[in-house]
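Asker: Let me begin by handing over the structure; questions about it come next.
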Amino acid sequence: MALLPTLLLVLAVAAGVSAGEGGEEERTYIVRVDADAKPSVYPTHAHWYEAAVMSASDSSSSGWPEGGPLIHTYSAAFHGFSARMTPSTAAALASAPGVAAVLPERVRRLATTRSPRFLGLLSSPPSALLADSDFGADLVIAVLDTGISPAHRSFHDRGLGPVPVRWRGACSAGPGFPPASCTRKLVGARFFAKGYEAASGPMNASAEARSPLDTDGHGTHTASIAAGRYAFPASTLGYARGVAAGMAPKARLAAYKVCWAGGCFDSDILAAFDAAVADGVDVVSLSVGGVVVPYYLDAIAIGAFGATEAGIVVSASAGNGGPGGVTVTNVAPWMATVGAGSMDRAFPANVRLGDGQVLDGVSVYGGPALEPGKMYELVYGGSSGGASSSSSGYSASMCLDGSLDPATVRGKILVCDRGVNSRAAKGDVVHRAGGVGMVLANGAFDGEGLVADCHVLPATAIGAAAGDKLRKYISSSTKQRPATGTILFEGTRLGVHPAPVVAAFSARGPNPQSPEILKPDLIAPGLNILAAWPSGVGPAGVPSDVRRTEFNILSGTSMACPHVSGLAALLKAAHPTWSPAAIKSALMTTAYVKDNRNGTMTDESTGAIADAFDFGAGHVDPMRAMDPGLVYDIAPADYVTFLCNLNYTEQNIRAITRRTADCRGARRAGHAGNLNYPSMSATFVADGTKATMRTHFIRTATNVGGGRATYRAEVRAPKGCNVTVRPSELAFRRDGQKLSFVVRVEAPVAAARKMEPGSSLVRSGALTWTDGRHAVRSPIVVTVQAPLE
Ligand SMILES: *[C@@H]1O[C@H](CO)[C@@H](O)[C@H](O)[C@H]1NC(C)=O
Ligand SMILES: *[C@@H]1O[C@H](CO)[C@@H](O)[C@H](O)[C@H]1NC(C)=O
Ligand SMILES: *[C@@H]1O[C@H](CO)[C@@H](O)[C@H](O)[C@H]1NC(C)=O
Ligand SMILES: *[C@@H]1O[C@H](CO)[C@@H](O)[C@H](O)[C@H]1NC(C)=O
């Protein structure tokens with residue numbers, strides 16, 4: 001045993017080297033071990049892990065950083081460690097005794113729309129009843145994000161009782177984050193950068209802080225959405241004036257900083273899950289995009305399973321890859337996957353053109369205005385010049401860095417196409433080239449989805465149809481009759497119809513890993529959300545932005561997720577015995593699918609009716625979720641049965657659940673769609689032999705409505721399908737009683753013969769159990785896939 005430290009010392013000489021023996025690149029792997037498999041010769045798990053890595057690697061392998069090969073060790077949400085090693089070492093390790101799985105590190109991105117690929121807009125008005133109640137005061141919400149700005153008034157601890165006694169968390173001090181940063185409101189703060197630095201080298205300490213301090217703004221924003229205090233007046237540069245409050249204003253917060261300038265690394269995220277479980281949090285909020293890999297290779301899905309088993313609700317953003325199909329991420333059935341909707345608030349900033357046309361736009365620009373009444377010359381880099389000599393019309397049309405010619409641009413309003421660089425960065429490029437304003441135009445791909453941004457110059461965003469009109473107007477202009485226009489900023493408008501709509505960027509189903517589980521689960525406000533912002537960061541999120549604002553307006557499923565995290569904390573406070581699955585069920589079965597015009601919610605990108613692949617069970621309804629009547633509960637063992645029915649191997653299942661699974665019984669019992677989920681999704685592949693295909697869903701409802709109750713099934717069958725429910729009446733005699741039923745679905749597969757090969761037909765319906773007081777709604781989605789030929 002004394003050999004081990006010596007060996008480490010020798011190996012440490014080559015610290016920082018990342019190419020291993022034989023030129024193989026080293027990378028980070030996350031290794032799952034069987035917790036009770038540690039040979040007794042090793043005093044601690046860390047000793048065993050180090051020895052395992054060393055013996056799996058060729059002994060002449062490259063060195064490890066000071067302190068040994070381990071990056072993190074995990075023991076609560078997960079058992080195992082992360083380490084740098086070559087792929088061949090990882091492969092050798094995978095077959096070592098006690099090793100359940102070896103996962104390659106992946107890098108995730110924040111799910112705001114500030115990143116270039118996405119579109120971008122709200123804050124939910126918390127109901128007076130929930131906000132006034134003491135609900136949530138003893139619960140801790142973990143926010144895994146970019147850290148937190150601890151001194152913000154949204155995180156003041158005035159009037160809060162002592163820190164809950166069961167709290168075991170810590171406050172890690174560091175640059176910009178003195179030990180006194182933690183309070184009775186912000187009860188814990190930690191940071192996890194070892195995985196990031198192992199992959200990217202030491203961080204730039206003048207650009208980011210090796211502490212829980214938020215130098216980006218995203219983490220402060222999301223934390224205040226989940227659990228910010230009342231802050232009045234709150235607005236960003238004059239927009240959205242009013243009270244800012246999180247969903248659970250009295251809940252405690254714990255910040256786990258896992259996202260850095262270089263991204264959010266799985267090994268660090270897993271370390272945060274592990275710490276959060278050990279610290280005793282109640283809810284984990286994760287506004288970070290996912291990856292599309294099977295659950296047994298997905299570190300977030302595995303970490304979230306460990307947290308769920310410990311009774312913690314995990315709420316995650318669905319991602320911003322919409323409006324295309326199969327874009328949803330963070331799709332494991334034990335997580336709540338949250339998409340984004342709009343609120344009935346808008347920030348109109350329309351473009352008036354020289355020929356009298358007015359194009360609808362949106363903006364939350366705040367700062368020196370354009371001259372009232374003056375018409376400015378409009379320039380579009382894609383057609384009417386404006387490109388610098390060294391760049392193409394294409395990059396000028398996108399307003400990429402360095403693409404604009406200051407001599408042409410000065411004093412004009414630039415039209416920039418959306419895409420490639422971020423929306424705020426385009427404003428910065430135009431500003432630096434001397435432009436006085438910008439109109440950001442969607443292309444066909446972006447559709448009509450708009451995000452209001454706090455640009456560094458007067459700017460607005462317009463949809464694809466308006467963008468076409470604008471480009472056409474500019475291309476028809478001449479030297480004698482130049483294209484002119486101005487932007488009319490109209491401030492904040494309330495009572496907008498229709499609302500909510502599904503945000504264009506919100507990621508869509510079906511679920512690529514298990515289509516039997518409908519994802520996203522639900523939507524929450526995620527468009528133009530006002531929430532807390534750090535004092536050291538400009539609202540546009542570009543370095544040149546020297547404006548300061550206490551609140552900022554951002555859009556993304558990143559903003560939708562913490563609404564659900566805060567609500568989950570309120571539900572858990574009101575119903576301490578409910579499992580994470582019961583809480584999720586309450587949120588889903590009470591969600592609504594109608595907008596404020598009493599029509600089915602629509603899709604922002606097209607204006608067409610949206611369906612369950614867009615909004616899941618619907619838009620979250622906090623008041624109704626408190627009293628759902630029935631819940632569909634799921635125990636950890638049920639997920640094992642589910643994984644068996646996905647045909648995962650026992651080794652795969654063990655990587656997720658730490659349990660040895662015997663799948664024989666489970667496979668006999670049915671199919672993955674029989675997980676007791678609050679929604680139902682059936683996929684049929686037409687094989688051309690039968691006219692109709694059938695499936696069934698077994699569900700068990702638990703009565704949480706407070707006593708005797710009789711529920712009747714109301715079915716709205718998906719068009720062309722037959723749905724029957726047996727029994728069609730559930731008579732509960734007492735609270736907590738469980739009753740099961742079967743839903744049979746028949747779909748007309750014959751229709752698929754007329755479809756394009758490989759295309760699919762989606763039909764939505766619903767099953768609603770009602771007792772006169774509650775309506776417990778589950779979407780039923782039927783997908784018929786035409787044969788590939
Ligand atoms: C570190 O960040 C500072 C401030 O943003 C920047 O000026 C400097 O160039 C960066 N250094 C490196 C090595 O990237
Ligand atoms: C909404 O529409 C439904 C039918 O689609 C109708 O029964 C109901 O009365 C309407 N509600 C309102 C408030 O208009
Ligand atoms: C699992 O395998 C069985 C038998 O081969 C098959 O019928 C079933 O469709 C498979 N399930 C999934 C989810 O792939
Ligand atoms: C639905 O039921 C009717 C009556 O039993 C039957 O004629 C029809 O074919 C069924 N449709 C499907 C899609 O199975």
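Placement of Cβ uses the backbone N, Cα and C atoms for every residue, glycine included.
Below are the features listed in TrEMBL for this protein:
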ACT_SITE  Asp145  active site, charge relay system
ACT_SITE  His218  active site, charge relay system
ACT_SITE  Ser558  active site, charge relay system
DOMAIN    28-110  domain 'Inhibitor I9'
DOMAIN    136-607  domain 'Peptidase S8/S53'
DOMAIN    376-470  domain 'PA'
DOMAIN    674-782  domain 'Subtilisin-like protease fibronectin type-III'
SIGNAL    1-19  signal peptide
Asker: I need the CA-to-CA distance for Asp145 (active site, charge relay system) versus Ser558 (active site, charge relay system), whole Å please.
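Answerer: Roughly 10 Å, rounded to the nearest whole number.
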Asker: Taking the Cβ of His218 (active site, charge relay system) as the centre, count every other Cβ atom within 10 Å, in any protein chain shown.
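Answerer: I count 27 other Cβ atoms within 10 Å of it.
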Asker: CB neighbours of Ser558 (active site, charge relay system) within 10 A?
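Answerer: Result for Ser558 (active site, charge relay system): 34 other Cβ atoms within 10 Å.
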Asker: Mind looking up the mean pLDDT for the domain 'PA' (376-470) in the predicted model?
Answerer: 89
Asker: Just to verify a number: CA distance, His218 (active site, charge relay system) to Ser558 (active site, charge relay system), in angstrom, no decimals.
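Answerer: That comes out at 9 Å between the alpha carbons.
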Asker: Give the number of CB atoms, excluding that of Asp145 (active site, charge relay system) itself, located within 10 Å of its CB.
Answerer: 28
Asker: Could you give the number of helix, strand and coil residues in the domain 'Inhibitor I9' (28-110) as assigned by DSSP?
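Answerer: Across the domain 'Inhibitor I9' (28-110), DSSP assigns the residues as follows: 23 helix, 26 strand, 34 coil.
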Asker: Summarise the domain 'PA' (376-470) by DSSP state, stating how many residues are helix, strand and coil.
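Answerer: The breakdown for the domain 'PA' (376-470) reads 26 helix, 23 strand, 46 coil.
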Asker: Could you give me the DSSP helix, strand and coil counts for the domain 'Subtilisin-like protease fibronectin type-III' (674-782)?
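Answerer: Tallying H, G and I as helix, E and B as strand, the rest coil: 7 helix, 65 strand, 37 coil.
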